[in-house]
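Enquirer: Pulled from TrEMBL, these are the listed features:
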{"type": "TRANSMEM", "residues": "26-48", "note": "transmembrane segment"}
{"type": "TRANSMEM", "residues": "103-124", "note": "transmembrane segment"}
{"type": "TRANSMEM", "residues": "144-165", "note": "transmembrane segment"}
{"type": "TRANSMEM", "residues": "177-195", "note": "transmembrane segment"}
{"type": "TRANSMEM", "residues": "215-234", "note": "transmembrane segment"}
{"type": "TRANSMEM", "residues": "241-259", "note": "transmembrane segment"}
{"type": "DOMAIN", "residues": "305-422", "note": "domain 'FAD-binding FR-type'"}
{"type": "REGION", "residues": "385-406", "note": "region 'Disordered'"}
{"type": "COMPBIAS", "residues": "391-406", "note": "compositional bias 'Low complexity'"}
{"type": "COMPBIAS", "residues": "455-470", "note": "compositional bias 'Low complexity'"}
{"type": "REGION", "residues": "455-474", "note": "region 'Disordered'"}
{"type": "REGION", "residues": "546-578", "note": "region 'Disordered'"}
{"type": "COMPBIAS", "residues": "549-561", "note": "compositional bias 'Low complexity'"}
Amino acid sequence: MDMGNMPMGSMSAGNGIPPLFTFQKMYWAVVGTAIGIATMVNLLNYVIFRQRLSALSKGLPRPAKPKALFFRVNATITAILREASNASIRIPIKGRTLRLPTVGRTSLVVANVVVLVVLCFYKLDPSDRWSRENIGYRTGFVNMAQLPLIFLLAGKNNIIGYLTGVSHERLNWLHRWCARCLLLTTTIHMGYWFADWAPYDYIATQIRTDTLTKRGVMAYGVLLWIVISSMTPIRGWCYELFVLQHLVSFAVFIGFVYIHTPVEVHIYIWIPVGLFFFDRVVRALRVLYANLAVFHPRQRKAGQMSGFWACKAEFTPLPHDTTRITIQNPPISWSPGQHVFLSCHSIVPLQSHPFTVASIPADGVMEFLVKAERGGTRRLFRHAAKQHGLPTTSPSSSSSSKPSTSIRTVAIEGPYGAIRPLQQFDTVVLLAGSTGATFTLPLLRDLVRRWQSTLPSQSSQPSSTNSSSSIFHAPPGTVTRHVRFIWVVKSRGQLSWFAPQLSALAADVQALRAAGREASVEISVFVTCDPAFTEEHKSLLASITAPAQTQTQTRDQQQQRGVVEVGSETSTLDEKAGAKKAAAEGADDGYAIREVDSASTTPAEAEEAAACGPAGECCCTKTVEDEADISAAAAAAAICTCGNGNGNGSVPRAPSTRSSNASLAPKPLLHPGIAVISGRPGCRGIVRRALEQALGEAAVVVCGPRGLVADVKAGVVALCDERAVHKGTGAQGVFLHTESFGY
């Protein structure tokens with residue numbers, strides 16, 4: 001295997017066989033072509049985005065529908081490729097479902113493998129023993145050519161991502177698979193050298209006596225460890241430890257490769273090293289700019305910053321082991337759906353975690369909702385709970401229960417993340433599970449603000465959207481006519497995370513429609529493990545909307561059915577607040593928001609302990625295919641199937657215990673215009689109904705557990721095939737964007 005000082009790259013293995021350097025150039029010609037095509041698609045998408053907003057400003061009808069021949073042909077090709085690339089095969093195994101990777105991802109990986117195998121064996125006979133040495137040399141050069149691509153795909157400040165409009169986290173899977181492809185060709189490289197020595201029983205001797213061979217075997221061992229340790233079970237076991245060992249392992253791997261290979265191919269080592277340090281330097285500069293107050297003189301003059309460091313965060317415990325992190329007057333701006341890397345070294349030393357920004361720049365705060373898992377996120381929650389004097393082993397109350405003193409210095413890096421602007425789509429469907437709402441809710445709020453920015457009364461007021469158009473800034477406004485927002489939560493505790501924002505959105509949309517703006521937003525919250533809350537919410541709404549002369553009769557009927565009436569359930573927090581809180585709630589227009597104190601146990605929650613879930617809750621809800629057909633009685637009888645021990649399938653309900661003070665009557669947690677449903681959403685039916693009313697291209701965005709994301713993706717693919725999108729039926733295209741939990 002010793003190449004010595006010979007210029008091996010210029011050597012040919014025979015007549016008509018290109019030199020070894022040529023195969024490296026061939027590989028990058030293919031990779032460069034693929035990146036170039038993706039870049040052109042990204043530019044075309046931007047042109048379409050600007051064209052649609054331009055058509056909107058000119059008052060043209062249906063701006064989201066392609067009209068010119070070029071754009072119609074492009075829409076048809078795009079629809080076919082989307083449908084094929086998002087398709088996936090599901091294999092049921094003993095009550096579980098094995099989901100294979102999508103056709104799109106599989107095609108990219110297979111294409112890369114095919115190119116590599118062709119380059120390794122081009123004009124060589126794999127079965128010829130006299131070609132083994134030539135194949136060993138060839139595969140070594142092909143291996144070196146792959147290193148820059150792996151590092152290009154690994155960085156946070158990703159050059160490929162900037163060109164193609166794809167964020168770093170959405171390229172990470174390709175980074176891992178390119179490393180696995182490198183392991184494949186490296187195995188071929190080592191295998192053919194071993195096969196060349198095996199007839200002479202010389203493998204062990206060669207490894208023991210030849211320094212170059214020994215270094216190669218060590219490099220292979222490190223690469224094998226990198227690939228194995230990067231698999232999901234190991235990577236997710238302790239992500240902080242994984243990152244540390246991953247960096248160390250790659251440094252060791254690069255070192256062994258450097259001393260194993262000839263000088264003429266070291267350019268393929270220095271390029272990855274340069275890319276690594278480029279990414280680190282850019283990240284360091286971004287951290288310094290975002291966190292040093294000296295770079296933000298305007299905010300310092302306004303008194304929004306004091307001292308050397310720019311970012312101070314408040315930590316607040318929320319129900320379901322969740323921490324709200326709030327940075328007042330953030331030093332940087334961001335787009336809805338983006339995330340930043342946040343670190344708080346006084347609580348979690350030497351760690352930085354990516355969190356989606358749950359607010360929009362117009363709020364004046366940067367807010368995160370962090371679910372406590374293991375490691376650093378658990379320590380953040382314990383700190384917040386400790387500062388609020390709450391136990392850390394149970395869900396904690398929201399920020400309104402006690403003033404916070406948990407202000408700490410934090411550092412942020414970012415923002416990162418990219419999604420096609422949703423204001424270019426006629427219809428938008430947003431689906432989220434649990435903390436996935438931190439991604440979808442800012443997107444919804446941004447669309448509503450864009451609607452508001454086009455009102456005459458808002459023309460003279462500053463807006464979070466761009467007021468002028470340029471090559472880098474799109475004109476204000478939005479093509480979107482209809483938005484469908486779905487949020488799946490377990491119980492009222494999770495619902496309280498975003499109850500104020502959702503209620504404010506519903507009120508804003510009502511005001512927009514009253515002002516004559518064509519804006520339609522349907523918001524539904526599906527509660528999977530708290531049917532008593534949905535019944536309580538319905539009874540509260542009924543008591544508010546019922547005529548005054550029938551309210552007494554309605555309450556009597558609810559008591560007979562065991563439904564919570566207004567004033568029947570008051571949390572410990574409400575009781576302590578007393579008449580002062582009741583008077584404040586009474587000033588609201590028709591409804592008010594009651595924060596949930598989950599550190600205390602309400603009568604409804606006590607009864608839920610008899611249900612079927614692992615924590616006493618009812619989690620056996622069925623899928624709701626058509627929420628319009630659900631009545632209160634049907635929901636109670638048909639949704640829950642555990643029976644709670646009574647065998648009749650009824651929903652556990654809160655007992656009717658009349659409050660001693662009618663002024664302490666609880667108010668609905670959400671705006672009356674928001675549907676609260678017990679059960680799980682039938683995602684395919686929801687998307688279908690939204691697509692049927694679309695007058696142009698639609699967007700479906702989902703963020704949540706992998707099961708929810710897989711169901712939505714499968715449903716969109718099936719609907720595109722069923723409706724024959726852009727194939728002469730008149731059905732318009734569907735853009736799908738997915739985000740799932742996990743590393």
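Each Cβ is built from the backbone N, Cα and C atoms, and glycine gets one as well.
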Enquirer: For the transmembrane segment (144-165), which recorded stretch in the set 26-48, 103-124, 177-195, 215-234, 241-259 gives the largest number of Cβ pairs separated by under 8 Å?
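Expert: Looking only at 26-48, 103-124, 177-195, 215-234, 241-259, the most contacts with the transmembrane segment (144-165) come from 26-48.
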Enquirer: Would you kindly check 26-48, 103-124, 177-195, 241-259 and say which stretch has the most C-beta pairs under 8 angstroms to the transmembrane segment (215-234)?
Expert: 241-259
Enquirer: If you run through the domain 'FAD-binding FR-type' (305-422) with DSSP, how many residues end up as helix, strand and coil?
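Expert: Looking at the domain 'FAD-binding FR-type' (305-422) with DSSP, the answer is 19 helix, 40 strand, 59 coil.
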Enquirer: Over the span of the domain 'FAD-binding FR-type' (305-422), how high is the average pLDDT in this prediction?
Expert: 84
